[in-house]
Amino acid sequence: MTSDGGTAHQAVDLADQSPHNELAASDDLALVRWFADHFDQRFSPSSLDARMPRGYKLNDLEVIARAFSAIGLKSRMVTRSPTRIDPMVLPCVLLRKTGGAIILNEIDRRKGNAIVIDPLEGGIEREIKLRQLRRQVQSRVLFVTKADDLSESRFSPEIAKPEQRRSHWFWSAVRDCRRSWIQVLLAALCLNLLNLALPLFVMNVYDKVIPNLAFVTLWTLAIGVIIALSLDLVLRLLRAGLIEHIGQRVDLTVASRLFAHAMNVKLLNRPGGAAGIAGTIRDFDTVREFFSSATFVSLIDVLFIGIFIALLFWIVGPLAFVPLAALPVVFTLALITQVPLGKSAERAQQMATKRHIVLVETLSGIETIKSVNAEPVMQREWEKAVADASRVNGRMRIWSGFAANSTILIQQIVSVTIIVWGVFLVSEGQVSIGGLIAANILAGRVLAPLGMIAQTILRAQYATKSLRALNSFMKLPVDQSQSISHDVKVKHGQVELKNVTLTYPAAHVPALNNLNFKASPGEVVALLGRVGSGKTTMGKVISGLISPDSGTVLIDGIAINQYEPAELRAGVGYLPQNPELFTGTLQENVAIGVNHASESEVMRALYFAAMDEFVSEHPDGMDLFIGERGDRLSGGQRQGISLARLILRRPKMLFLDEPTNAMDQTMEARLVSRLGELQKAGTGVIVSTHRHSLTAMASRLVVIDRGRVVLEGPREEVMAQLLMPKHEQAGAGDVR
């Protein structure tokens, strides 16, 4: 038997193959590449890495599905035996029981055979019996197709789902747990049925056992109710475990999506800065707590109140109207209290966000605060934020307490009413004493879930407001789409800006105003200009961190929006004026943006950043712990490590924004020399600076003022014109 391409199939026992427990980037992403080629999708390993967490391994179907989504493929995960898979929806992904992913490419039901592919074996097709395959793989299957308007129709009906239901960042994760939700509802139904055991036991003891002294019946009933109560405990524990499992699964999925989106939001569209975004993401805790709290469990129990009402009518007839009449009273009370509670809840969220912002800004800027003696100011802001939050939360607690205590009062009135009315019914022979006691217990069961109804509605309001805020956040524009759409790489590093204009939000003056600029590969260009002239903005535009309002940005003659952000920033490196370091070792910070960087590559980057001597002489070397945000290093050392981090990616063009403003003259001179070596190796450098040593290494100078190029040319000519008296500059004209 041969495939379409004529490749002979080899009979094989999958269990005999060495298991691939970790199919990851180090294995050249063979699985993802195979499907990308099969569906003719663009594939870029670096762009895929940018959409996945560091160190991810494709040994789990959820992670594989996430990788497929990143390259523009749609997938569905179902539980199914290989013998029941529809050949029309192949290929699909299976996981061996021994570990590792394989591709099920063909099924021949007539012969009972299947064609499987192990991507790590070069894509060789192998034939295997379906029954043998079923024994060797797990029961979960990942179906894959191209993501487009017809993708759902290509899935078989039993696994296809409406597209609009799969797109929401939160509800899709909740729906993925629908089996667990069904189990929670079934557990709640069983629990409420078991809750009938105790009142029925009491009724039968008073009505049957005591009058007849039926002790055998008593022990039989007692054993039965103890079994029911034991099952009740087991089911409650199982339900709590299910809800916790759902919460963890949704939390992991949604938190990952929120964090990925936060990193991907365009810099010009970040509301409230870092602290504001952190506060928005923190709002998800409110949503998660609602779905995993006791109040949500009470809300589920409300659905089964009808069971107890029906039993009440069967046992005591008209007495059932007492708790039934109390239900709308409790609901009305809860709804009335929601008006002040809702206003207080909204205000409390605002106060919590304000307090969070004060805390983050204070702790992140503690050195500045201490140096200018601003502690009293920040202390005042903090105490004011805490006082405002405390006042609002106190008002909420008052209204919540009122609702809860009022509900308790209603429950007590219901109990008294049942007993008083029940006495008359007992005297008339319509209700037995056991039935009256059972009715009182059942009435308590009816109203018990409503004891927390006010809190439940309040938490629901909290969760709704948080979801709205998070929905708005998830709609913010991003740097890159969720799937890879281009596979263009920076080959030379030529940069060109044509008539570029950019105005920051809420600004009245453009930061870049019809700017034109060009830098060639291997060239060193120095940007000069006053503070606020647009040099930093220009660097952000070139590196794709922000997009201009108008004009064209070309890299190697290709429009910048045709590059995947990961590919663009690998080819065009940007070093900001105040680069950030992260808690960890020196090596971890240098290699943070590169997978599997060797020690020699890191040392090369440190050499060109003039940090090699420092690392060699320090006792800890590259294992030096640099502290939070690099606070154990000097400003110049932080700049050097940040530059090494950039050079490690081997970009074709570097944009350095004041790269030596915190360095001493010795380190600066060494860095200038090393950058010269880098430039001779073919790397272009655009440097924004006010330092003479950096302008001296440039072959061309560009002067920027008010977002426009006002002067450019060879270094000597531009410097000569800049040194002219102002009245002579006016007559000399621009050097072009």
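Cβ from N, Cα, C; glycine included.
Predicted automatically and left uncurated, TrEMBL annotations should be read as such.
Straight from TrEMBL, the features:
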DOMAIN    17-144  domain 'Peptidase C39'
TRANSMEM  181-201  transmembrane segment
DOMAIN    182-457  domain 'ABC transmembrane type-1'
TRANSMEM  213-235  transmembrane segment
TRANSMEM  290-315  transmembrane segment
TRANSMEM  321-341  transmembrane segment
TRANSMEM  402-424  transmembrane segment
TRANSMEM  436-458  transmembrane segment
DOMAIN    495-731  domain 'ABC transporter'
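Summarising model confidence by region, the domain 'Peptidase C39' (17-144) averages a pLDDT of 78. By number of Cβ pairs under 8 Å, the transmembrane segment (290-315) is matched best by 181-201 from the list 181-201, 213-235, 402-424. Secondary structure by DSSP for the domain 'Peptidase C39' (17-144): 44 helix, 40 strand, 44 coil.
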